[in-house]
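**Student:** Take a look at this one; I'll ask things after.
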Amino acid sequence: MVFDTIAAISTFPGEAGIGIVRLSGDDALEIISKIFKPYKSKDIKKVKSHTLHYGHIVDPETEEVYDEVLVSIMEKPNTYTREDIVEINCHGGIVVTSKILELVLKQGARLAEPGEFTKRAFLNGRIDLSQAEAVIDIIRAKTMLANRYAQKQLVGYVGSKIKEMKDKIMGLLVHLLALIDFPEEDVEELERKEILETAKEIVEDIDKLIASSESGRIIREGLKTAIIGKPNVGKSSLLNALLKENRAIVTDIPGTTRDIIEEYVNVKGIPIKLIDTAGIRDTDELVEKIGVTKSKEVLAEADLILFVLDASRELTKEDYEIFDILTGKNIIFVLNKIDLPKKIDEKELKDLTKDGIIIEVSTVEKIGLEELENTIYNLVFRGDISLREDEIVINSRHKEALINAKKYMESCVEAIEGGYSEDLITIDLNAALDQLGKITGETATEDLINEIFERFCVGK
């Protein structure tokens, strides 16, 4: 596939030790030869591939030296895009990188669109679409666990699973076409039984991948963890303690937190999206009332609730009312302020929590915080909240395609069991193949491909 030559700054556009201007395309070597003066004069177009060269970037018109650089030369096909790639490693900073990019564009390159380097890797067949999406996940990973899953996808774990299912479906199509061309009653009955078994296996395989979509959301977006409780029990103090910084305002005045505060914290590799909410209580104060409404909305979407109770006060009607709206949720009861004289009634507490998990903490003395983090981690990995360290995770786009593929495969199973003709069965199988192809890109539309790569930053 032939494209023009593109260029972009691939590093952060600000003050930094090093900046990189990347080129990709058939004219990359020609362009760099016009603006790069290597040490010990040599023809940069004839050097060995995958080598690094010291020299200066010089404006060919004015002879002005722009910067002292190292230039990487990588010839196709063994490159990121499977095209000739040149990377100019210059000093960081907006001025130098921008001037070098400007010079490169003046020599005939085009400014790359967001994600265009990775898009070319896909269009040139080096990676499939699921691997391209893994690049975004690696860039956006909030923890090493998220990075680990993204790396598995990048090397083709998702694509290989999809290929296995597609190969099985292709095998079924071959069998069915043989039955259409060479119908023999005894053989046909045996073949249809085998086809039915394989079709059911494929449905099970699809189900396993669909089940991992919730895990994928947690890994990519973080475990949505709402800190809930009545006013002044120490919700904001708990947020600050877990973040190990003062992010939320803490006072003795009930109702201080009026809005939702969201922050990420890394708990043993799991990205936790902590959501500090306004204290839930009946109030006539308009702003606080809006905050309480928002808190209740957060509850509906939360994966985990940290229900904060005050150990230095007796349980109140407000505590019970809050518990009533938490039905069906994963809850950890956080008994805060244990550094103060305990006034909470143990029997009432047991009645309220119904043998739930209770962690005693003091956000002031930093007591119990590690136990709380361990409890969250164990909840996730023992299966109370869906996530397994050894599984392959998928995103919402993959899930939609898999659900559609499953629908067609179930229709295929029904058709075989109902004795329908081979021609009708092949329609469902081909439709399932089409859906699976959307995941890896073979049958993805141009609009879908463009939409995916528009999520990338320029230079990647």
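Placed from the backbone N, Cα and C atoms, the Cβ positions cover glycine too.
Annotations per Swiss-Prot:
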| type | residues | note |
| --- | --- | --- |
| BINDING | ARG22, GLU87, ARG126, LYS460 | (6S)-5-formyl-5,6,7,8-tetrahydrofolate binding site |
| DOMAIN | 222-381 | domain 'TrmE-type G' |
| BINDING | 232-237, 251-257, 276-279 | GTP binding site |
| BINDING | ASN232, THR251, ILE253, THR256 | K(+) binding site |
| BINDING | SER236, THR257 | Mg(2+) binding site |
**Student:** So among the binding-site residues ARG22, ARG126, LYS235, LYS460, who's got the most Cβ atoms within 10 Å?
**Tutor:** LYS235
**Student:** What is the maximum Cα to Cα distance, in Å and rounded to a whole number, among the residues ARG22, GLU87, ARG126, LYS460 annotated as binding (6S)-5-formyl-5,6,7,8-tetrahydrofolate?
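**Tutor:** Roughly 19 Å, rounded to the nearest whole number.
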**Student:** Let me check the 10 A CB neighbour count of SER236 (Mg(2+) binding site). How many other CB atoms are there?
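**Tutor:** SER236 (Mg(2+) binding site) is surrounded by 25 other Cβ atoms within 10 Å.
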**Student:** Give the distance between the Cα atoms of ARG126 ((6S)-5-formyl-5,6,7,8-tetrahydrofolate binding site) and SER236 (Mg(2+) binding site), rounded to the nearest whole Å.
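**Tutor:** Between the alpha carbons of ARG126 ((6S)-5-formyl-5,6,7,8-tetrahydrofolate binding site) and SER236 (Mg(2+) binding site) there are 48 Å.
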**Student:** Whole-number Å distance between the CA of ARG22 ((6S)-5-formyl-5,6,7,8-tetrahydrofolate binding site) and the CA of LYS235 (GTP binding site)?
**Tutor:** 47
**Student:** Going by Cα-Cα distance, which of the binding-site residues (ASN232, LYS235, SER236) sits nearest to GLU87 ((6S)-5-formyl-5,6,7,8-tetrahydrofolate binding site)?
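**Tutor:** The answer is SER236.
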**Student:** List the Cα distance (Å, whole number) between LYS235 (GTP binding site) and LYS460 ((6S)-5-formyl-5,6,7,8-tetrahydrofolate binding site).
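**Tutor:** So the alpha carbons of LYS235 (GTP binding site) and LYS460 ((6S)-5-formyl-5,6,7,8-tetrahydrofolate binding site) sit roughly 40 Å from each other.
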**Student:** For the domain 'TrmE-type G' (222-381), what is the mean per-residue pLDDT, to the nearest integer?
**Tutor:** 79
**Student:** According to DSSP, collapsed to three classes, what secondary structure does GLU87 ((6S)-5-formyl-5,6,7,8-tetrahydrofolate binding site) have?
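**Tutor:** Assignment for GLU87 ((6S)-5-formyl-5,6,7,8-tetrahydrofolate binding site) reads strand.
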**Student:** Per DSSP, ARG22 ((6S)-5-formyl-5,6,7,8-tetrahydrofolate binding site) is which: helix, strand or coil?
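**Tutor:** The residue in question, ARG22 ((6S)-5-formyl-5,6,7,8-tetrahydrofolate binding site), is strand (DSSP, three-state).
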